[in-house]
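Colleague: One structure is given below, represented as structure tokens, and several questions about it will come after.
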Amino acid sequence: MESTTNNVTELIFVGLFQDPEVQRVCFVVFLLVYLATVVGNGLIVLTVNVSKSLHSPMYFFLSYLSLVEITYSSTVVPKFITDLLTKIKTISLEGCVAQIFFFHFFGVTEILLLVVMAYDRYVAICRPLHYMNIMSRQLCHILVAGSWLGGFFHSIIQILITIQLPFCGPNVIDHYFCDLQPLFKLACTDTFVEGVIVLTNSGLIALCSFLILVSSYIVILFNLRNHSVEGRRKALSTCISHIMVVLLFFGPAIFLYMRPSSTFTEDKLVAVFYTVVTPMLNPIIYTLRNAEVKNAMRKLWSKKNSGME
């Protein structure tokens with residue numbers, strides 16, 4: 001058994017496109033998108049931590065969401081863009097398992113943070129008088145720590161299943177990064193049971209979180225009828241930002257996980273959307289729709305400029 005497992009030590013990615021010209025164009029485009037992701041989310045983390053006006057729980061969670069976006073994107077994108085310039089795209093089996101671990105860890109942490117943010121909005125809109133008592137600093141830290149722990153446990157389950165599988169060839173993954181289903185296809189044993197466990201683990205977290213998020217926003221929108229026009233407008237603006245981020249994140253994931261696995265190019269293109277594009281869009285959505293964040297960023301910028309003068 002041991003010898004079979006060690007037969008494959010290196011894996012080769014098929015990649016996204018085969019045409020070298022297309023790959024070079026993709027390299028430039030995705031590099032710019034990745035830089036925008038890191039800078040945009042980094043700016044939110046910096047602004048929230050430096051600005052005195054953004055110390056409410058909502059922005060505390062937003063800064064952690066932005067931090068997770070940077071780490072989540074960084075597990076896949078740097079390797080993916082450097083691979084676009086190489087002819088043979090390889091990764092060690094250990095590197096592949098590590099990529100799967102961190103990709104699922106940060107992905108589920110993000111899902112749980114989105115649920116936490118929905119709860120925060122629910123308390124702010126439906127229990128405004130008790131908001132500061134309920135959303136204490138201690139509870140905020142517990143909810144963030146819980147999101148990280150949830151992501152960690154989810155990932156550990158996925159990895160414990162994966163490392164037991166024997167890989168004795170072939171060693172070509174029909175994808176541009178390591179994920180469980182493409183890797184399972186390379187195992188030289190039947191992976192039906194493992195596939196079901198992994199799909200249940202990922203699918204249940206995604207589905208339950210999505211249902212909780214949808215329900216909470218329905219309750220929030222229902223409660224907004226009792227608010228003043230100005231209060232309604234402000235609350236709606238924040239909620240719409242959250243709903244857009246949730247749909248961008250869950251839409252592609254549900255499309256991929258809620259149907260039989262295949263090697264369609266569409267699957268890889270959908271994966272590009274949630275690994276490369278979505279992490280860049282989140283800071284844009286949150287800052288463009290939020291006057292407080294925009295004002296804090298302007299203050300930060302003018303302080304920096306006056307400091308330089």
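Cβ atoms are placed via backbone N, Cα and C, with glycine included.
From a predicted model like this one, the values you see are computed outputs, not experimental measurements.
Features from TrEMBL:
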DOMAIN    40-286  domain 'G-protein coupled receptors family 1 profile'
TRANSMEM  27-46  transmembrane segment
TRANSMEM  58-77  transmembrane segment
TRANSMEM  97-119  transmembrane segment
TRANSMEM  139-161  transmembrane segment
TRANSMEM  204-224  transmembrane segment
TRANSMEM  236-257  transmembrane segment
TRANSMEM  269-288  transmembrane segment
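Structural setting of the listed features?
Modeller: For the transmembrane segment (27-46), same-chain residues at least 6 beyond its ends with a Cβ under 8 Å from one of its own Cβ atoms are 62-63, 66-67, 69-70, 73-74, 77-78, 80-81, 84-85, 276-277, 279-280, 282-284, 286-287, 293, 297, 300.
Counting residues 6+ beyond its ends, the transmembrane segment (58-77) has Cβ neighbours under 8 Å at 30, 34, 37-38, 41-42, 44-45, 48-49, 99, 102-103, 106-107, 109-110, 113-114, 116-117, 120-121, 124, 140, 143-144, 147, 177, 238, 275-276, 279-280, 282-283, 286, 292-293 in the same chain.
Sequence-remote contacts of a segment are chain residues at least 6 beyond its ends whose Cβ falls under 8 Å from one of its Cβ atoms, and for the transmembrane segment (269-288) they are 16, 30, 33-34, 36-37, 40-41, 43-44, 62, 65-66, 69-70, 72-73, 76-77, 80, 103, 175-177, 179, 241, 244-245, 248-249, 252-253, 255-256, 294, 297.
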Colleague: Same-chain Cβ contacts of the transmembrane segment (139-161) under 8 Å, 6 or more residues past its ends?
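Modeller: Distant Cβ neighbours of the transmembrane segment (139-161) are 57, 60-61, 64, 97, 100-102, 104-110, 112-113, 116, 119, 180, 194, 197-198, 201-202, 205.
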Colleague: If you average per-residue pLDDT over the domain 'G-protein coupled receptors family 1 profile' (40-286), what number do you get?
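Modeller: For the domain 'G-protein coupled receptors family 1 profile' (40-286), the model's average pLDDT rounds to 89.
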